[in-house]
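Presented below is the structure to which this report refers.
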């Protein structure tokens, strides 16, 4: 079977590599037991592939065959910090694949169904932002097919094999496309393009079709009910009372009751299983109950003013932000620690450094750059806060990667400054400006925001917010909220002496499963020390 597939396309270079690497495992990749064999041999794919994708050979003869191939995403590399056995299995089990189909229909030549790829660990669906190729265009490995809007950013999706784009299944602007859902068809021969003009993608639920055949049992039940409807009505009347939360009524009965402002709960059904029918509503109205229920509702309706509103559709980033933050507040036991830090010395050091920067033609250093550096060094000093909770253990990270919250017109992004504890202030500033610009242009790639271990959110400088509590960015265990600096009158050295100093409020949100209160306080003490003695950050 393996040789038959390889002979079909000379461009399956990765299959040849797998055969040379481990013939036995590669053969299993072409069988129906593909996934079990992959679980134990992830090292093969880590060594050979710089992307993760699953290609399924559909309907080759009478069986289905599965293999690894590629939709290059230029982003989800298995060598990244996010990659590991668990993440790899998630990609393998996902439906991100391209499908080479040997159709059972003689009208369809061999083709490839390209599915919506999973471009980030949290991605479950995506949108087609823009098609860069048209139907009929020739495609080559490395060429960009389309731009996919993920839960984090807009990512270019590249083609892995040479051929022709025969059919665009999901048009430009299509939204909420599930991972694995077919978005396009490619063929090897240009003459085959026209054969896919009216093509409908194959269903992934095909194997479940035979299981749905027990449907004929439904008509049997209906036939039994109809002749016994009269006696059953008397028996089932009492049973309608307990199910107060759900009232069974015919559509016509519901409409009639609604038009006359009659609550269905006040009507006793005489139909099968206590079902309320039209005659029951008419009998209720005829009994004189109509007036007592209709008049109050008319008075209420007359006093309710009409609301003027507009419905704004959710963007992909908005839906993901809502989902992740709701998950965070529902599952992470937050607690908050606030401290005031004197920033006079930090502002003085910043002025000196900016003088050097201007003289050398460099960019100015911001307060946020100093805050990121101080947070990174404090994490190195108190590594318990640079951790993540799992059900089996607490994972403490050796890298200090700081996510920085950036608000854009499209939504909230959190790009990451990696190894911030090892970088200088000017380097941190350059990276933050570069990532913020990419976020505003909606051009962040997965490697720009994945792998963070701690988050900093600053609403003080840009918006003048004095103090706030931020929501933890899962799976991290803490987030630092930066408020604005303000001048305060503080006691001087003498009994009647007073000085003016600038103070900034910072609040640390902690996951109590990971960080105990004393540990969080220890981290804030270290952070405050770096802010109030900024020269120590340069050591």
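Counting starts with 1 at the first residue shown.
For all residues, glycine too, the Cβ spot is worked out from N, Cα and C.
If you look up Swiss-Prot, you'll see 1-102 marked as transit peptide. Feature annotation from Swiss-Prot assigns region 'Disordered' to 102-122, 196-244. If you look up Swiss-Prot, you'll see 111-187 marked as domain 'Lipoyl-binding'. Positions annotated as N6-lipoyllysine by Swiss-Prot: 152. The domain 'Peripheral subunit-binding (PSBD)' annotation in Swiss-Prot covers 248-285. The active site annotation in Swiss-Prot covers 512, 516.
The most crowded of the recorded positions listed here (152, 512) is 152, judged by how many other CB atoms sit within 10 Å of its own CB. Counting only the Cα atoms, the space from residue 516 (active site) to residue 152 (N6-lipoyllysine) is about 31 angstrom. Between the CA atoms of residue 512 (active site) and residue 152 (N6-lipoyllysine) there is a gap of 27 Å, rounded to the nearest whole number. Under the DSSP three-state reduction, residue 516 (active site) is assigned to coil, being neither helix nor strand.
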